[in-house]
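A.B. asks: Okay, here's the structure, questions in a sec.
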Ligand SMILES: *Cc1c(COP(=O)(O)O)cnc(C)c1O
């Protein structure tokens, strides 16, 4: 289908009938009459998870009690879940571990990178990155006597020079959906002797990520977005194996010790990725994540990416076809290759417009000050959802349905 064709709803139904990933939708428990375009914020729940929790809670916790750390194999869950994620991001099984939150993992790898590149003092970042990435970098800079330098995304390559100890970027921007060329930027960073940290929050689970092909040094990411790990599920951290021996991360907790159960007085880091651990794992969160990740067993991430791109391209085509002159602008790259798995539009009353959409069961989200965000989780979004979303959006804009007090009043989580 080319950009000049006027699409109909039937075209979208036909794409669903031909979709090789269509069957994945049945593996999720989604509410009826809802179009969920916010899987980039909180992924949907895989339908088998409650049954797994029933076992974890009643059998393993209630009756197994402390024996379950061994008998139910609780203890190695961070490594097991890490190995499952490793397959999706071109990492070795032993290079990824699940621990803590993205914010905390960023803190660990940024300090570690500065300690490896100890003659340099600059953390290079991007303006417009997700706030926690910038806040954590600032905290690290203050603690280590370094400097955070933030430049616009298109200036990153030019800003890479021999002052830079570590470049810290987010692969897909949370607001615009813009995607960096990971291989090209990592290569340039290495040419000037900088280490690289990639935040994969908006890419893991939505597209193949090529960490080792690009020779990335460190990566972090959350698991509650496209990986569907559940609210607040723990994050992951990737360290390239070549750095294991030199990673001196600052949160020297007992689970990162070479022999935690020797209860030694002195800290000795574990020789492997386990040194990225800090304290006792949020075990229920990790076990839930591990169950959720089974959806990705044997999946072809290239198919996932192809569908994600197609959904985005069609959204843009329908934007062109149906939303002109209605006060909305496209705020994501038109070119699928330059985009992650979301489209952002801007509107003066974006908050109220999104509330009116949610009132109709079409759930996207709002990002201050004026962004309407629509995320496409390819495993459970149908093509027809894109059509129905745009048709509703047009009605809401044309008829100013958003202009009601109940839609204009801000809630605490936006
Ligand atoms: C979602 C997201 C985070 C979340 O960090 P938490 O520590 O899990 O709250 C961080 N960075 C980016 C780029 C994100 O999109």
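Glycine is treated like the rest: Cβ placed from N, Cα and C.
Note: TrEMBL annotation is automatic and uncurated.
These came from TrEMBL, pasted as-is:
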BINDING   102, 103, 130, 131, 132, 133, 170, 199, 202, 224, 254, 280  pyridoxal 5'-phosphate binding site
MOD_RES   225  N6-(pyridoxal phosphate)lysine
A.B. asks: With respect to ligand 1, which members of the binding-site residues 130, 170, 254 satisfy a Cβ distance under 6 angstroms to one of its atoms?
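C.D. replies: So the answer is 130, 170.
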A.B. asks: List every residue in the same chain as residue 102 (pyridoxal 5'-phosphate binding site), at least 6 positions away in sequence, whose Cβ is under 8 Å from its Cβ.
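C.D. replies: In sequence order, the residues whose Cβ lies under 8 Å from that of residue 102 (pyridoxal 5'-phosphate binding site) (at least 6 apart) are 132, 199, 201, 220, 221, 222, 235.
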A.B. asks: Can you give me the Cα-Cα distance between residue 202 (pyridoxal 5'-phosphate binding site) and the residue listed as 'N6-(pyridoxal phosphate)lysine' in Å, rounded to a whole number?
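C.D. replies: Per the Cα atoms, residue 202 (pyridoxal 5'-phosphate binding site) and the residue listed as 'N6-(pyridoxal phosphate)lysine' stand 7 Å apart.
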A.B. asks: Using Cβ atoms only, which residues of the same chain lie under 8 Å from residue 225 (N6-(pyridoxal phosphate)lysine) while being at least 6 residues apart in sequence?
C.D. replies: 39, 40, 41, 42, 43, 201, 202, 204, 205
A.B. asks: Please identify, from the binding-site residues 132, 170, the residue with the sparsest Cβ neighbourhood, meaning fewest other Cβ atoms within 10 angstroms.
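C.D. replies: Minimum Cβ neighbour count within 10 Å, taken over the binding-site residues 132, 170, occurs at 132.
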A.B. asks: May I ask you to report the DSSP-based helix, strand or coil state of residue 254 (pyridoxal 5'-phosphate binding site)?
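C.D. replies: DSSP assigns residue 254 (pyridoxal 5'-phosphate binding site) to helix.
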A.B. asks: When you look at 102, 103, 130, 131, 132, 133, 170, 199, 202, 224, 254, 280, which the record names as binding pyridoxal 5'-phosphate, what is the longest CA to CA distance in angstrom?
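C.D. replies: The span, Cα to Cα at its widest, is 31 Å.
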A.B. asks: If I restrict to non-local contacts, at least six residues apart, and a C-beta distance under 8 angstroms, what lies near residue 254 (pyridoxal 5'-phosphate binding site) in its own chain?
C.D. replies: 260, 279
